[in-house]
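S.K.: First the structure, then my questions, so here it is.
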Amino acid sequence: MSQEGAELDREPAVRVEGVGVGYGDVLALDGVDLAIAQGRVCGLVGANGSGKSTLFKTVTGMITPARGRVLVHGLTPTAARKRGLIGYVPQSEQVDWAFPVRVADVVMMGRYGHMGITRRPRAADRAAVADALERTHLSDLADRQIGALSGGQRKRAFVARGIAQGARVFLLDEPFAGVDKRSEATIVEVLRAMRDAGHTLVVSTHDLAGVPELCDEVALLQRRVVAHGSPEEVLTPQRLLETFGIEGRPVREVA
Amino acid sequence: MEALLDWFTVPFQFEFMRRALLVAVVAGGVCAVLSCWLTLIGWSLLGDAVSHAVLPGVVLSYLFGLPFAAGALVFGAGSVALIGVVNRTSRVKEDAVIGIVFTAMFGAGVVLISKIPSETDLMHILFGNVLGVSDAEIAQILVMALVTLVVVAVKHRDLTLFAFDRVHAHAIGLSPRRLEALLLGLLSVTVVIALQAVGVILVVAMVIIPGATAYLLTDRFERMLAISVAVSVAASVLGTYASFHFNVATGGAIVVTQAAAFGLAYLFAPRHGVLGRRLRTRAVVARGEAPRAGAPS
């Protein structure tokens, strides 16, 4: 399959076609179809074990699906990775917050794909880092150790890393977990600005915090996509009951 | 004052002491560099494993008259690969797999040792022989140390990225697998270097303690590397001199000195030391300040 000269603007930003993934005799994903247009924020909502992480890993190419395929801006995950198109914002629990790196160091890690073999930063890399910090309102905190940030600031630091990287598609794993209301509002503001600049965001979450405020569309995942549409269409009590097996928390504190 | 000066200069007149200091300092320095990543990734047990697993390789090398490095590298890298395979293909947890593989290797080494005619050589393998190290061994150590340091100089930012966030490393097109293999390869070489200085049993201290000590003293990786090397080299020098003056085993003296440095950092490190933290907590309480969310801890 030739991807040479593929236009990066090729739609959709993320296309998942009939993807099936199994671990041993457990089926994690079973025929997932999903297309997310460029410049959209898509909430990926599902209970624990619904396959959200597996789907993320398939999009980044860490897992090769047994069936189906994934395209990011028309490119295979491997090609998209090589071009730095995919930005990943990890879950809080997956990060060692005591690691001796500064915020600016973490954001600079986004530039490594653009650097020579020793990853020595050049003026362009420093400028990209400064710009990313500015856009995530972290310029004043650049010299802090990464763990010395609040929950919301930590998330924004990793978003800044993706911006410095030049990523077009962002995968955010539970971005609102352990984040207070005010920080949540700042994150939503930053992410919306990114969407308006043409980035595509996929936000995975197992509760509905922040989803209606942030997302243009929602995909409900239960080993396959059981519904995909606007938050109002998808997050109905009936659907939430089916997905979570319990009365889903109603769309929270939204008028 | 003069007595202190003599303490350092008198032993230095001896050829064997100069060689011992060279080996101890080089081994200490290289180990200290690697120990930073091992500490941060949480690979101390793996460092322990590799250092024990090289034993059969060293004994075989000895029996066939080969350089220690040859056999040690084969068994060091082989054990790491074996740990990886068993870990991926069985339900046994990684720490158990590491424990099984390295004790099995060490056991095989102990069995092979019974084939060694001389007690002295056995002691040298287990506890090092820095005071009697040969020219050929020094040459090997210097070459391996140089190669390790050059590779680290080129790849250190990638290794730190790997230690911090391997998913991101993957997402920007690097290979976490390859970086992992590189780091483990460097670890095997480093273990072989340090083996000459302190022996199979104490090598693990050299690849853990300096990094752990530095980790208590700074929140910046570059500084952590510098502190780690400084602590380790100082411990090598002091330990070697102590072994001369007090007529005790050199490897043991070096490791005890390192452990003392760790103990001091554990107690007195300004930010992360036990006493420093307690004092700051008391000061905050006295001022009646509520702990700030996200404040540096």
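In case you wondered, yes, glycine gets a Cβ from its N, Cα and C as well.
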S.K.: Look up transmembrane segment in TrEMBL and report which of B:205-223, B:224-242 it refers to.
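M.R.: Range annotated as transmembrane segment by TrEMBL: B:224-242.
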S.K.: In TrEMBL, which of the ranges B:182-203, B:248-269 has the transmembrane segment annotation?
M.R.: B:248-269
S.K.: May I ask which of the stretches B:58-85, B:97-118, B:224-242 has the most CB pairs under 8 A with the transmembrane segment (B:21-46)?
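M.R.: By the under-8 Å Cβ criterion, the transmembrane segment (B:21-46) pairs most with B:224-242.
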S.K.: Residues of the same chain, at least six outside the transmembrane segment (B:248-269), with any C-beta under 8 angstroms of its C-beta?
M.R.: 20, 24, 28, 127-128, 130-131, 197-199, 202, 205-206, 209-210, 212-213, 216-217, 231-232, 234-236, 238-240, 242, 275-276
S.K.: Could you pull out which residues elsewhere in the chain have a CB under 8 Å from any CB of the transmembrane segment (B:97-118), counting only those six or more residues past its ends?
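M.R.: Residues 45-46, 48-50, 52-56, 58-60, 62-63, 75, 79, 82-83, 86-87, 90, 125, 200 contact the transmembrane segment (B:97-118) from elsewhere in the chain.
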